[in-house]
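Undergrad: Submitted below is the structure of interest, expressed as structure tokens.
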Amino acid sequence: ALGCLMVINHCASEDTLFAKNSETWGTYNGLSLSFPSGIVSLFGNSLLLLVAYRKRSMLKPAEFFIVNLAISDLGMTGTLFPLATPSFFAHRWLFNHAMCTFYAFSGMFFGLCSLTSLTVLSTVCCLKVCYPACGTCNKFSPTHAAVLLLCVWAYALIFAIAPLANWGSYGPEPYGTACCLKWKPSSREAMIYIVALFLFCYLFPCLLILISYSLILWTVKVSRRAVKQHMSPQSKANSVHSLILSIAVCVGFLAAWTPYAIVAMWAAFGDASQVPALAFAVSAVFAKSSTTYNPLVYLLFKPNFQKFLSKDLSLLQALRAIICCSHQSAVPQTKMEVMSLCTNTLHLFRAHCFLFHQFCL
């Protein structure tokens, strides 16, 4: 009976703390940030995967990492978005402890997979651009990419599963509507894990990405004359767009996760009671919004992508016509129109395949 009373009191205290910290923020967060972010991530990354699937025979090995990034972003959106959104609006975590652990594990797993994919991608691009004489770099094949991708998923899985083996633990966020790693270490193992997580899953990957793209920019600058002699203007333009695209993806991702890393380290090595719940909430929203940057960057930095999306809005028109044709009475009078629109849609999808044509030369 005493144990039951303690559990009831503990739950009541958690509800009270949550209501005080997140009643206003939860609604604003769920309505203004989380919901649009989830929709953009779902649509954008699904579109990228569709394009990659239709052009799978022409994908370059380095482009597999962009596909993998879209998969991990979709995984994060698909596992976190359905659980977090209703909890934000309800101003409390609506599910049990097992779902809380699943939520935190999924966020850790897919987030690390995305960061590791970007790290490996930057390294591969650096080797291909800065060390073209290396035989392995010039012979980078789909098999090499597949092996590296397996390593990426294994690396993320090891760090994500460690808290389930009592190297740290998962629990509710301070603002009460989501779950994450318990950043305040309660044991020596938890402290070791948090330090290793910060070093090997944030600091070192960030440094490697920074060094890789710095070397690429330096190599391009010092070899500009040689490049002008051996490359056509169109090839140079494609190279510039590819470089801007890859850097923009990495910068957006790191900018999204850096505030959360700072707040987490503050809670882990400082006085956790002094960390505002709002700081965790805002940084968590920015971190989860990283899943939207990959498709948005492609949309902003690939001229062909912009052109094909805006070309007569053929895709949206075809979808609208198909929906209208779901009513039997509408089929006879719009049959020819639907066939024409569907033909335009096929051309639109083929045009989207040029999204991956030039990347990481």
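Residue numbers in this text run from 1 along the chain shown.
Glycine is treated like the rest: Cβ placed from N, Cα and C.
Got these off TrEMBL a minute ago, pasting:
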DOMAIN    44-298  domain 'G-protein coupled receptors family 1 profile'
TRANSMEM  33-53  transmembrane segment
TRANSMEM  65-84  transmembrane segment
TRANSMEM  104-131  transmembrane segment
TRANSMEM  143-165  transmembrane segment
TRANSMEM  191-220  transmembrane segment
TRANSMEM  240-269  transmembrane segment
TRANSMEM  275-301  transmembrane segment
Undergrad: Near the transmembrane segment (191-220), which residues from the same chain, at least 6 beyond its ends, have a CB less than 8 A from one of its CBs?
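TA: Contacts with the transmembrane segment (191-220): 112, 115-116, 118-119, 122-123, 125-126, 129-130, 159, 162-163, 167-168, 181, 183, 185, 227, 239, 243, 246-247, 250, 254, 257, 261, 264-265, 268.
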Undergrad: Over the domain 'G-protein coupled receptors family 1 profile' (44-298), what does the predicted model average in pLDDT?
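TA: Mean model confidence (pLDDT) across the domain 'G-protein coupled receptors family 1 profile' (44-298) is 83.
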